[in-house]
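Here is the structure we will look at, set down as structure tokens.
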Amino acid sequence: MRSATKLIKNVNINRCVQSNVVRSTSRLINNNSINTVRQFTSSSSSSFTSLFNNNNVNNTNIKYQRFYSSANDVVIKVPSMGDSISEGTIVAWTKNVGDSVRVDEVVCSIETDKVTIDINAPVSGTIVELFAKEGENVTVGNDLYKIAKGEVAAAPKVEAPKAAEAPKAAAPTPAPKAAETPKAAPAPKSEAPTPAPKSTTTTTSTGPSETRVKMTRIRQRTAQRLKDSQNTAAMLTTFNELDMSALMNMRKTYKDEFEKKHGVKFGFMSAFVKASTIALKEQPIVNASVEENDIVYHNNVNINVAVSAPRGLVVPVIRNCENLSFADIEKEIGRLSGLARNDALAIEDSIGGTFTISNGGVFGSMFGTPIINPPQSAILGMHAIKDRPYVVNGQVVVRPIMYLALTYDHRIIDGREAVTFLKKIKDVLENPERILLEL
């Protein structure tokens, strides 16, 4: 009798345990926690066996855990793109969800105020999630995309299909002889219909009268900076004319030898950079900038050179011009221009300038007033070289003349300093030997 009673109690206990397990599992399923069910059932099977055998039912010992993602998933965040840049715009995703990606392969491109940056994959795997769409702004430090780590199989080699043999031409079938039937009589000619009179009504185009194109981020930033420059600086422009005869003769005489020795062509821009560097050293206020109530004098001469690029005008910087030779400057101009044309300029290539040179003459501009590139205090404008009448020793002669324009911030640069600066550039370029002698 006692054995039967004990058996009944054990059966009731086991039924209670089974009932609790079913209720717990149902609750988990209703909460869509499949991972929890797997964890619950797999890791606790041995515990339940011991629990059933020992008739020890205690629901408080059951723990639930929730898993949100795999340990193999890597979330890539928007990287730092420079001290002054906090956000950018997604211009293109080169990979979509489900695509395989290898280490260092480009996944997307982000356009900033200055340059476009390619974002590479840090690991190999599969793209499982994109956190932004093309055209959306993203902030530095925010989630950009997610990769499930894994080996990516090499692309199979595709053999070129063998050329199929041309089918043999079939033997020509002899044409059947024409049946001997009487020819039909020719139909009577009908009179040509009278042409309808042409309509005099003119049709108007029903197409759209305008086309809207969203400004690129770099164009928006350029517009904002130029407007800020106009609103902040007290801009004034002074002009002078430059006789290019001596510089053009020097270039004509030494250009082949220069290119043979240094591997780069002898251009006019390097001469203007050297002349500007000499003038900036003599007039350091032109190389300065305004920060609140302070005037900041820059000890190094870092000159931005305006370059036309596919996305618009960019101004990469040539650093430490005071330490560079003609050849060094030409090589740096060539390197930066190539990067600009290929839309491959880095952030470091465009920041830290103290003075800017813009050459509108390459587009045929005769005259213009450039706008200061903030936070700088001055900009030099070059223009087209044209043969013009010029007075030399009391005689009118024809000389290749370029008009120079210097726009400066009148808050810190006086007219005397600006005119003296521009005249120094004129004197150096009209007497190129001054560059060699640093006079």
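Note: Cβ is positioned from N, Cα and C throughout, glycine not excepted.
Note that the coordinates shown come from a computational prediction; the quantities given were computed from them, not determined experimentally.
Here's what Swiss-Prot has on this protein:
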ACT_SITE  HIS410  active site
ACT_SITE  ASP414  active site
COMPBIAS  163-210  compositional bias 'Low complexity'
DOMAIN    73-148  domain 'Lipoyl-binding'
MOD_RES   LYS114  N6-lipoyllysine
REGION    163-216  region 'Disordered'
TRANSIT   1-47  transit peptide
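Under 8 Å, Cβ to Cβ, and six or more positions away along its own chain, LYS114 (N6-lipoyllysine) finds GLY82, ILE85, ILE218, ARG221, VAL314, LEU345, ILE347, SER350, ILE351.
In terms of DSSP helix, strand and coil, the domain 'Lipoyl-binding' (73-148) has 0 helix, 40 strand, 36 coil.
Cβ-based neighbour count (10 Å, all protein chains) for ASP414 (active site) stands at 11.
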